[in-house]
Amino acid sequence: MHTTTQATPQKSMVMTTTNGGGVDPPQWPEEEEDEDAAAGSSCRVTAANGHHHHHQQLVVSGELGGGGGGGGGGREKEDDELKRKWAAIERLPTADRLRLSLLSSTRGGGSSGDVSEGGGGGAASSELEVVDVRWLGAAERRAVVQRLVADVKHDHVRMLRKQRERMERVGVRPATVEVRWRDVCVEAECQVVSGKPLPTLWNAALSRFSLLAAKLGFSHHQSKVQILENVSGIIKPSRITLLLGPPGCGKTTLLKALAGRLNKSLKETGEIEYNGVKLDEFVPAKTSAYVSQYDLHVADMTVRETLDFSARFQGVGSRAEIMKAVIKREKEAGITPDPDIDAYMKAISMEGLQRSMQTDYIMKIMGLDKCADVKVGNAMRRGISGGEMKRLTTGEMIVGPCKVLLMDEISTGLDSSTTFQIVSCLQQLAHISEYTILVSLLQPAPETYDLFDDIIIMGEGKVVYHGPKNLIMTFFESCGFKCPERKGPADFLQEVLSKKDQQQYWSRSEQWYNFITVDQFCDKFKASQVGQSLAEDLSKLYEKSKANKNALSCSIYSLSKWHLLKACFDRELLLMKRNAFLHITKAVQLGLLAIITGTVFFRTHKNFDIVSANYYMGSLFYALILLMVNGIPELVMSISRLPVFYKHRDHYLYPGWAYAIPAFILKIPASLVAALSWTSISYYLIGYTPEAPRYFRQLLVLFLVHTGALSLYRCVGSYCQTIAVGPIAATMSLLVILLFGGFLIPRPSMPNWLKWGFWLSPLSYAEIGLTGNEFLAPRWLKITISGVTIGRRILIDRGLDFSVYFYWISVAALIGFILLYNIGFAIGLTIKQSPGASQAIISNDKIRICHGRDQEKSKDIKIGTRRMALPFTPLTISFQDVNYYVDTPPEMRKKGYMGRKLQLLRNITGAFQPGILSALMGVTGAGKTTLLDVLAGRKTGGVIEGDIRIGGYPKVQQTFSRISGYCEQNDVHSPQITVGESVAYSAWLRLPAEIDTKTRKEFVDEVLEIIELDEIRDALVGTPGVNGLSREQRKRLTIAVELVSNPSIVFMDEPTSGLDARAAAIAMRAVKNVAETGRTVVCTIHQPSIEIFEAFDELMLIKRGGELIYAGPLGQHSCKVIQYFQSIPGVPKIKDNYNPSTWMLEVTSTSMEAQLGVDFAQIYTGSSIRKDKDELIKGFSMPPPGTSDLHFPTRFPQKFLEQFKACLWKQFLSHWRTPSYNLVRIVFMAFSSIIFGVLYWQQGNIRHINDQQGLFTILGCMYGITIFTGINNSQSAMPFVAVERSVMYRERFAGMYSPWAYSFAQVAMEIPYVLMLALLFMLIAYPTIGYAWTAAKFCWFFYTMFCTLLYFVYFGMLIVSITPNLQVASIYASSFYMTQHLLSGFVMPPSQIPKWWIWLYYISPMSWTLNLLFTTQFGFEDNSNILVFGETKPIAAFVRDYFGFHRELLPLSAIILAAYPVLFAILYGYSISRFNFQKR
């Protein structure tokens, strides 16, 4: 009998360790393997390669071949067949049995996977075939998982029970882990400042000096803040525990502490043990899986690839050893297992597989199977939804073998039914597979809450309760608090700790209520029976004898070094393919520049004299700097991937060296292509020596230079870590390398005490290799007047006169630098902590609050006593037959969907009315956000059909943005301004001009108070996941920023997503108040509690596919919705106290539709509710009598000047508080000025210039100063502008300002900083280099530097505004820099530039910079003579004749130079008004 199964080309490593995890195996005879082999001599399984290496044929002979033909049926015959084939497998050696299994294959009726032909007649019949689980194809893996878990809700528990029963039948138990912790304290050290604790330039500078002072022994004001305070507890195997508490109470810190992942800057005391073993005695990161609340993934990888690589790196743990023990005992007992369970268990026990069946299983239970082949995406690139991203974050960690799961806020962005399903699966893993699970959730619905066994309540860094769920309400009742009947228990438990909410739950009406603090609750808990029981359990030592030796991991990595490296290679290769566009763009860019360069230097200089030699020298230097700059995009790409790398590294998926080696080796072909594309085009165009060996030697050096540049930028990125600092550090490194490289300043001209620097620059060796290769050729052997050859003369002048063999020394040195950079890269990846872990800054006031939490003064805000009283017009929004189409994604076309357009919304009809709070609900991916975007006019692509009316009149987008507010799901805010400033800024620009400043300020204060942001109004917003506000604070800020605009219509996309129950209640109270003022409020909502859901007046429910299935009133206690759906035959009735929103989503799910055989959309279309709604909408579609269409005299609420002032105010604050941008470029300018001053000490003095080389050297100085400080300013401006761009998109959609006002403010804000940078240079470098110390020349130099730095900054802003992301912007920017370099008049004087390129010289801003600098310094020196190319000339005449710089044209040159920053600023304003790269 023959079977053929699909196989991946990657073979796996099979573990053969004996006596394995979680088992107590009997003593097997040592010769058992030989007996197996002997017994199996009549039943042979061999692998024979077919015609294609992706297929493997298993040849099974002996008894397995019997019984293959014939018809017949009956269960007995099938069982006999199974036993006979299984018996044949049992005769094989253990190593073969571990990988072979029986899988069903349908013959005659089609099959999933390849099956052999023959037998069985024509009818379809299912037969078992022997397969090697290592080589299962994608279809076969999916088929196995589908058979085991066809319906997650019912089949998952059965599958786990089958696995458990199989193991129990042979006495094998899974490894279990108990986690306990005693008196754990965690504290952070903060630097204390006076006033607001903001990272301004001043505070940042003081912080650096204070840290330096501390290292030198001087004291500075530090304070300790307690995060966790004496917390103790136990989480046991087979139990799932819920962790609850308000934001900032220490939940995340506790989870990280238990997982052994606390930041090293935090001080931790106390004991944490796994099975009685302390954390430092094993590897907790490999024993437990910590699921972060932040979603960090590689945007270019698909969901399946992300999970496959995670599964591969995490390994199989003790599964292989457990499987080995199971099959041995089954053989001894004569047990035949279920084929599918056997195949699954064996497949997930195979180490190092490229594609894992565990991935298919995790995707199934997490609901990710439908988007398995979709790229993850990010904020600027379309990908999976936010809910799917959150599930992927969870799946990525639990796909591994860890039996301890520590999960932080895994339900954010998920609807309540999806959360319930995921937690159900986790509960089953705990109860059946004996996992130990601790989960932190924000707003668990009652039915999700009921799935947990134990509850931990935290407050202010302390444990308020830790014990069984069924005793927690008794505990709080003993404290005097009772949960109301229709209140979710989780909501009650979080609110009962809050000073503002506690009183409403006081149940002892006969006693006077007093606020009970967290400390009082803790004391009551310790005195309670549950608290005493916990203390008793903790006092008992864990019995290590009952612990399984394989329960804890003692190895840091799951794979061998070779397999780690290979897996990282596969991943890097995949990402290179996905980013092929970037690599192709870079190669094309180099090719085009090679053509331009070749035609600029095009064989016009065939005299082979000293002048031509200078041109050839210039072309070689240009090639070197071009290849160095061409690598800059590598820096941006490396830094952008670091957050994901740090996550994986901290989970011990792979080490830094395994990431660094593939990043280096796989870029070698890219460097080879770059060097080839340059050399092949430019070599003969420029006219280098036409000898093949010299061509290949030049190619080799340029290849090594490009490889070294990429390696250097990766190394710099690994230490600088952020996109703000990285480009500046890279430019600084490039500057040092070029200054000591021997071209800008020849080695003989360097100060003697700095000449050693020449030998530390890789560019020096590249120049030695290239120039020696060219100028030692026979054609340069003509003897000059000085008695040496022309080739030797040019080399001597440049200090590059070395013997021929130095070429190979140079090659060896370049290889050494490449290795050095890559070793540095690997070390940087290994030792550097992820960014965001810097020292915290805190104010004196905040310190006092933190040290006395319970004394914190708190105002009792009675929400609703003050109303948002500014005048507005109540408006109804109605819409009929709204459809929305997008282009079909490529992934769907690959799967066979042939339509060009994909419909996301289908004939949606409805209306939202003033004073009525409407909920828009549906499962994840139903189209809720899409509908809001369509109604709000936020879509940037796709086709919209249908009629949308505002107050009966057709919607006009410009007018609509004035009277509406949109709270987006993603909380996008400027990171460097405070909460209060964000809200004030929104009010300034969005409230009508007639509202005076005092009223506006009062309104802002009122909104901050209502949303409970007044206590953190001075807190910096910060960057999500790095610093600043927490997730729930950002969400409340998003709501406040929109409410402060006093809108008539408010759209809110997931206003409670990411909030805990109390924060969600605060937000919804505020939203309800807004609706009660007569405004129209619409919210999409995922997982509302009963209380939040029933706060709504009307509901619009959309099913997957964008079809409406209900639109109408909720009714008292949701009675109208319940009544409607229960009237549909077959729909199950709602249970008592069940959350109506969860029930509604469950009974309208796709699976329920299939089960009932109905279409809820069709039922709704034919219902009386729909007919009533249609009549209502008809009325709303007609303008009420006596009304007129909305009209505003101006497009924006404020006049242009006011918009400009507001934007300038915000830009001022952002610049002042971004030291990573401004402080770093100030430091760079100071560093550059010092190094130029030292290297060119007094070489600009006219008395020290004797020949043309002296002039060329000082021109190189001017060129180097301008190009490097310019590039640095441009590169550092790009990430700063990119961060603000996403905020600008939101503000522009809201109609806050004209793009011109925004751009002019951003442009204007750069001027004082650029003035400061230019002045800094003039004070340090100008006198040290020795330029003429006259007022006129000083002012001209200052003016030129200022304009140059300004146009470079504005160019950086412009290039970001016309490109989709920083990587592409970097590539285009590097093209600009290199074109400037080539045609600025430095590499080749304008008189020698061919006429077909001279126009580029005249439009190049750098050419005017050099013109002004050189002319003002040396163009008036008529009385100073120098020796130039063998003749004596006045400096002024040489400047005019050789460079074409005419002093008469100085005023014109100054005007043209000033025009460039103006031009770039205008183009920037135009670009941000025209281009939008946000895909919605």
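Any Cβ shown, glycine's included, is placed from N, Cα and C.
Because the structure is a prediction, the values reported are computed rather than measured.
What Swiss-Prot records for 1-18 is compositional bias 'Polar residues'.
The annotation region 'Disordered' is assigned in Swiss-Prot to 1-42 (among others).
The annotation region 'Disordered' is assigned in Swiss-Prot to 60-81 (among others).
The compositional bias 'Gly residues' feature in Swiss-Prot is assigned to 63-73 (among others).
What Swiss-Prot records for 104-124 (among others) is region 'Disordered'.
The compositional bias 'Gly residues' annotation in Swiss-Prot covers 107-123 (among others).
Residues or ranges marked as domain 'ABC transporter 1' by Swiss-Prot on the basis of sequence analysis: 212-485.
If you look up Swiss-Prot, you'll see 563-775 marked as domain 'ABC transmembrane type-2 1', on the strength of a curator's inference.
Remote same-chain partners of the transmembrane segment (581-601), defined as residues 6 or more beyond its termini with a Cβ less than 8 Å from a stretch Cβ, comprise 615-616, 619, 622-623, 626, 630, 633, 637, 670, 673-674, 677-678, 680-682, 685-687, 1367-1368, 1371, 1374-1375, 1378-1379, 1382-1383, 1388, 1393-1394, 1396-1397. Per Swiss-Prot, transmembrane segment is recorded for 581-601 (among others), and the stated evidence type is sequence analysis.
Taken from Swiss-Prot, the feature transmembrane segment applies to 619-639 (among others), supported by sequence analysis.
Summarising the annotation, Swiss-Prot assigns transmembrane segment to 699-719 (among others) and lists sequence analysis as the type of evidence.
Within the chain, the transmembrane segment (725-745) has long-range Cβ neighbours (under 8 A, six or more residues past its boundaries) at 617, 621, 624-625, 628-629, 632, 635-636, 639, 712-713, 716-717, 719, 754, 757-758, 760-764, 766-768, 798-800, 1220, 1224-1225, 1228, 1231-1232, 1235-1236, 1239-1240, 1243, 1257, 1260-1261, 1263-1264, 1268, 1271-1272, 1275-1276, 1278-1279. Residues annotated as transmembrane segment in Swiss-Prot: 725-745 (among others).
What Swiss-Prot lists as transmembrane segment is 811-831 (among others).
Here the domain 'ABC transporter 2' (877-1129) returns a mean pLDDT of 85 for the predicted model. Here Swiss-Prot flags 877-1129 as domain 'ABC transporter 2', drawing on sequence analysis.
Positions annotated as ATP 2 binding site by Swiss-Prot, on the basis of sequence analysis: Gly922, Val923, Thr924, Gly925, Ala926, Gly927, Lys928, Thr929. If you take the C-beta of Gly922 (ATP 2 binding site) and look for same-chain residues 6 or more apart in sequence within under 8 angstroms, you find Asp415, Lys928, Leu1101, Ile1102, Lys1103, Arg1104, Leu1145. In the three-state DSSP assignment, the secondary structure recorded for Gly922 (ATP 2 binding site) is coil.
Residues or ranges marked as domain 'ABC transmembrane type-2 2' by Swiss-Prot on the basis of a curator's inference: 1202-1418.
The residues near the ATP 2 site, meaning same-chain residues not in Gly922, Val923, Thr924, Gly925, Ala926, Gly927, Lys928, Thr929 whose C-beta sits within 8 angstroms of the mean position of the site's C-beta atoms, are Ser385, Asp415, Thr930, Ile1102, Arg1104, in sequence order. Neighbour counts of Cβ atoms within 10 Å were compared across the binding-site residues Gly925, Gly927; the minimum falls on Gly925. Secondary structure at Thr929 (ATP 2 binding site), as computed by DSSP, is helix. With respect to Cβ pairs under 8 Å, the domain 'ABC transmembrane type-2 2' (1202-1418) is most closely packed against 563-775, considering the stretches 212-485, 563-775, 877-1129. Under 8 Å from some Cβ of the transmembrane segment (619-639) lie the Cβ atoms of residues 579, 582, 586, 589-590, 593, 597, 601, 663, 667, 674-675, 678, 682, 686, 702, 705-706, 709-710, 712-714, 716-718, 720-723, 726-727, 730, 734, 737-738, 741, 743, 763, 766-767, 770-771, 774, 1271, 1275, 1366-1367, 1370-1371, 1373-1374, 1377-1378, 1381-1382, 1387, all in the same chain and six or more residues away from its ends. A Cβ distance under 8 Å defines the sequence-distant neighbours of the transmembrane segment (811-831), meaning residues of its chain 6+ beyond its ends; these are 645, 649, 655-657, 659-661, 663-664, 700-701, 704-705, 707-708, 711-712, 714-715, 718-719, 762, 765-766, 769. Residue with the densest Cβ environment among the binding-site residues Thr924, Ala926, Thr929: Ala926, by other Cβ atoms within 10 Å.
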